[in-house]
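Working notes, beginning with the structure itself.
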């Protein structure tokens, strides 16, 4: 450690690699925190956790008893154990007793990405509430057609403030805080939508995972989705290999892009020889003659709804995009975790050794900074996998029941996990007791006299 | 999952034998030439596939070509990502075919393409359909050759079969009756014909092995003694099931001073 500081001083070690090295060393030693504890006021399972994106200071949790609470993770409310253990009680709780509070479980609680003045909660009572943090009042309310499973807001957005909501209805709705109305309805999924995530590279791209097993990418400026991930399209490695000749290339790309459009042209192409790479179908709408076809004239954007490719054999329960926006991790109820290359839309075939994953509920995955590790709640433990090789790097066992969500704070290198046992556990690198400074607390208790 | 498999100590000797695709004659349950302990791990997916194909148990009642389960591969080769990628390249080169099984979540069976075609031939011969003969030929030349995924959509199947001739709905029913295709809403899964009883034996055997170990006091047993046990409900041998259960994570192996120990994993 001292040698590294010396190297940094002399300029042998670059500052960024110095910080990355220290951070990864700390992450490798993550264990249940011996100096920090979060006291959760919830009386039911915790469904969602998020630390705010602006300061990294406030943790927002949403639970199944319709309560949402905020904790300050940097300043403790009081100390125990002779000043060694910091207890973080909640700063405030909003629950069923609140006049505009939710009636049923809160499935998702997120901060407004720009500042901590607002937070948004989505609940099984079909409502999405936008709360003002300082006054703890509901400022806006959206009614959804079904139970809300997930809400998300883009952290990159500068021109819109849309809340994407995934519900048990097949359509994904985007709610606008500025106008108080629904701005978009995205159709294409065949079953409820369990997870929604905004892309980390573009403020216009939304990724949704449905109970039908499909993962769709939507550009909200256009109609329909532009990419449906198919688990049988795979590439061997992080990036696809450069093809030897262009015909193969055309076949591969046209296959993934026009697989939705091909289905329409198929009945017409029955009598023709099938040539996969013979140029993409440019205007699929024009190719549909009125020759007794029972198919309606579909808008080009809606052709993707015919694409039935699935990313998982069961429902998609969790999605997480890497920070550079190039890869997407998805967890499914078939107990598989897959890593997708967003650019090519292919499965990179990295095998994560998950024996079982929770199937009925959406789970929240977390990635460490620079996305080298992914933290996945696997039943009662949280496992950290190396993203590129799929090896289990650490297992965190501490919860008594299933873990639903985890959030990694890269500022502090701490992992917060919440589960069905109503606890929020903090996992942090161990702090040596001597760091506290004074040797005072360790008194000699035998030295007493009347 | 702390699985510590050991490399086959006499790997050099074993290498020569995997060039032979035929089953060694003396491969009976009680006199194992290849004990599982020596053969638990391989370096390469293709080597593992060939070895396991050679060690496939001979079942008397049903004539079935050897197939390997994906979980067996995971238990044999250390790096699972490497297994997935190598399987993918083998599949693209049309050396093997992958089928999705309906016994439990995410079960896949891998069969060498030649074995699959042989199996298909055997089944078709036994069917003796006059009218439907062509369907099987069309299926073999057009569909199997070009569609490498484990499933196919109705439209695509129709189109590919039509490359051979006029397709009627009856033809597709013939394929389903032969066991080559399994119907699912809107799509078909490719299937290995005549495999039904073996799959039943597979699930029953899995349950039997797990319940046997669970009944023991410490839920563990030495691998060497486990191998010698005979399974009552499964035509497949103990080695097949052990590899499968270790690969899917239900059992784990622990290295001890007297050899490998098999234990039920709690997760």
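Using the three backbone atoms N, Cα and C, a Cβ is placed for every residue, glycine included.
As annotated by TrEMBL, repeat 'WD' applies to A:99-141, A:186-221, A:309-350, A:396-428. Residues or ranges marked as region 'Disordered' in TrEMBL: A:237-296. For A:246-264, the entry in TrEMBL reads compositional bias 'Polar residues'.
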Same-chain residues at least 6 beyond the ends of the repeat 'WD' (A:309-350) with a Cβ under 8 Å from one of its Cβ atoms are 191, 194-197, 199-202, 207-215, 217, 227-240, 256, 259, 356-367, 369-371, 374, 376, 385, 387-390
Per DSSP, the repeat 'WD' (A:99-141) contains 0 helix, 23 strand, 20 coil
Reported mean pLDDT - the repeat 'WD' (A:99-141): 94
Would you mind splitting the repeat 'WD' (A:309-350) into helix, strand and coil residue counts from DSSP? 0 helix, 19 strand, 23 coil
